[in-house]
Amino acid sequence: MANVLDTLMERGYIKQFTHEAETRELLEKEKVTFYIGFDPTADSLHVGHFIAMMFMAHMQKAGHRPIALIGGGTATIGDPSGKTDMRKMMTNETIAHNVACIKKQMEKFIDFSDDKAILVNNADWLLNQNYVEFLREVGVHFSVNRMLSAECFKQRLERGLSFLEFNYMLMQGYDFYVLNKKYNCKMELGGDDQWSNMIAGVELVRKKSQESAYAMTCTLLTNSEGQKMGKTVNGALWLDPEKTSPYEFYQYWRNVNDADVEKCLKLLTFIPMDEVRRLSSLEGSQINEAKKVLAFEVTKLVHGEEEATKAQQAAEALFGKGGDMSNVPTYEMGKDKLGAELLDILVEAEIVPSKAEGKRLVKQGGLSLNGEKVADFKKTLEEADFENGEVLIKRGKKNYNKIVLA
């Protein structure tokens, strides 16, 4: 049987290891308990987290046991990795709400039945931690000089790094130590932006417990130009259908650049590699077939087959190939709003994130109403605009929404 490491490397997941040869041997010889941490900074996971869950799912399918750690404790501080400013402090109530929402989402991707996976919250051991004890037990193993050389701190030193955030590395390292002691967790997986924190955890376990510990990082989801993927005009591409509709989610993947199709098929689907290679080799207009497969498969994993089919039908209806238009994202508008400016209504309906963005679309010719380009910022929405009680809004080349009179 192939080592899961070969599968992960072939599909492009692995970026860095702490101990590659030992990791390979470990994954071949035993069922390994590993963990990935997720900070509950929002009430939904986004597509950047999805790649981490696919990483976990491949490991679980190979017989290893995942621990999904939700950082209810570390979220009270905020991870400085990749940030140029200090994150806004969240209330305990907000964190608790976000934790509950994320738990529910994770259960769609990872099998937690019969102890096949474990869900933990580091608030359980961090929030009641005695500070002096923590410094004596954990702080003694960390070198400030070494910490300051870490990439996650380097970029913050000039702009100001709070002592609060400086503790984050210790807390994340302590998470690994706790999971190692309680669940015999031997490995941490995470995004490549977490590398410094992960090394700290590996070293803490090895020093404090005299146990072997390992880490490997997953590539971040970037396009062929090196930019992070998963951003839309309305912000992040969320996994929550209330934040990003299944149709909008489907359309995002349907419209990826040709150069990004292979990478997305590898990382975000379970399609066998032979089929990935076949789809990725398509050229010209045929590459659109690969994009349709990508969009359907990713939407099916996140929202289920029924919603993926509805999104596919809506896309086909809008692009002149028949299908069911009822699945296009729809906003119900009261008749009392007739005569209001279109851009105000689009902002209220969250079709555009702001009036400024709406004006930019109009200026660039990227906003249409019932097939006609909107040229006037102050265009009002009148009853005459509604055909059979609805209007069709088009943003850019392929983003559609309906507004119906309630």
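In case you wondered, yes, glycine gets a Cβ from its N, Cα and C as well.
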Exercise for the section: Among 40-49, 190-199, 300-309, 330-339, find the range that Swiss-Prot records as motif ''HIGH' region'. Expected result: 40-49
Exercise for the section: Give the range, chosen from 103-107, 228-232, 323-327, 393-397, that Swiss-Prot lists as motif ''KMSKS' region'. Expected result: 228-232
Completion exercise
Least crowded of the binding-site residues TYR35, TYR168, counting other Cβ atoms within 10 Å of each Cβ, is TYR168
Practice task
Helix, strand, coil: count each for the residues of the motif ''KMSKS' region' (228-232), based on DSSP.
Solution key: 0 helix, 3 strand, 2 coil
Exercise for the section: Would you count the other CB atoms within 10 A of the CB of GLN172 (L-tyrosine binding site), including those on all shown protein chains? Expected result: 27
Exercise for the section: Could you measure between TYR35 (L-tyrosine binding site) and LYS231 (ATP binding site) for me? Cα positions, answer in whole angstrom. Expected result: 26
Practice task
Tell me the Cβ neighbour count for LYS231 (ATP binding site), meaning other Cβ atoms within 10 Å of its Cβ, over all protein chains shown.
Solution key: 14
